[in-house]
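The feature Cu cation binding site is assigned by TrEMBL to C188, C192, H279. The compositional bias 'Basic and acidic residues' feature in TrEMBL is assigned to 11-21. According to TrEMBL, the disulfide bond annotation covers C188-C192. The domain 'Thioredoxin' feature in TrEMBL is assigned to 140-314. The region 'Disordered' annotation in TrEMBL covers 1-48. Summarising the annotation, TrEMBL assigns transmembrane segment to 116-133.
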Amino acid sequence: MRAAPGRLRRGRECVARRTPEPTEFAGRSAGSRRPALPPGPGPLARGPAARSIRSMLLLTRGPMAWHRLSQLKPPALPGTLRGQALHLRSWLLSRQGPAETGGQGQHQGPRLRTRLLITAVFGAGLGGFWLALRAEKERLRQQQRMEALRQAAVGQGDFCLLDHKGQARCKADFRGQWVLMYFGFTHCPDICPDELEKLVQVVQLLEAEPGLPAVQPVFITVDPERDDVTAMARYVQDFHPRLLGLTGSTEQVAQASHSYRVYYSAGPKDEDQDYIVDHSIAIYLLNPDGLFTDYYGRSRSAEQIADSVQRHMAAFRSILP
């Protein structure tokens, strides 16, 4: 009995599919089996995918394996090979434990502290340099101002006047003391009282600072015709117990005022024989050598003047023998 031609052809195809190729058993002993791979889309025997898998498996043996493995990119593979490599990488990363992830943080900790310490040291050094530069700039500015004031020849020469107690006072009597001096007159309606109150406030601010030398407040009249010793005594007692009022003859007052470049001029008298004296408005600072050191106009506050006086005190060096 003969078989049908169609069945014979199907039988030959089945035999052909079941018959292994000779190269399939090359290099393999009987009874050996292929090693099992993690579950995935399909087996990877050789080629670029196999090399990528072996590289990733070797990386897992090092101390920084998981950190490097998380940054490893599989090569571009055609078809299902790329999917197999990505699947293996995900499977390996899913088995990462907390010990591996904590190690990297421990390495990053000392580095971060070192960076912060370096930044802090650098910032402190930069801040110190800026403060030193600012102090040096202020010192040079003060030195230039002092030189300009010396060239202006303010406060040169001596003067002799009477205080509000009738005692003679000369410029040399204030040597060894810091002096704040103001020129005005007792009949001034507003400016002179305001400036004297500011001068007294400066003295009180400096008195509140421990370790500072005392400052002598002085008020010199530019109206000797009305401001005699009695008028000066009555006027200064309303401001400060140590405020010293000075007066004298017209010539003596003119000499002292001219020495400090103080302008003053008496206005016309009214029907009551009253008049206003127009004059310069400034507070003068004299150092313990009796030399003019600085001056302050109406725009300067008591706090600003007190700060300036303290800086002059700190920088003062006597030039007298």
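Note: Cβ is positioned from N, Cα and C throughout, glycine not excepted.
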C188, C192, H279 excluded, remaining Cβ within 8 Å of their centroid (Cu cation):
F183, G184, F185, I191, E195, V222, V277, I281
Residue list, the transmembrane segment (116-133) vs rest of chain: Cβ under 8 Å, 6 or more residues beyond ends.
none
Which one of the binding-site residues (C188, C192) has its C-beta surrounded by the most other C-beta atoms within 10 angstroms?
C192
What is the number of other Cβ atoms found within 10 Å of the Cβ of H279 (Cu cation binding site)?
21
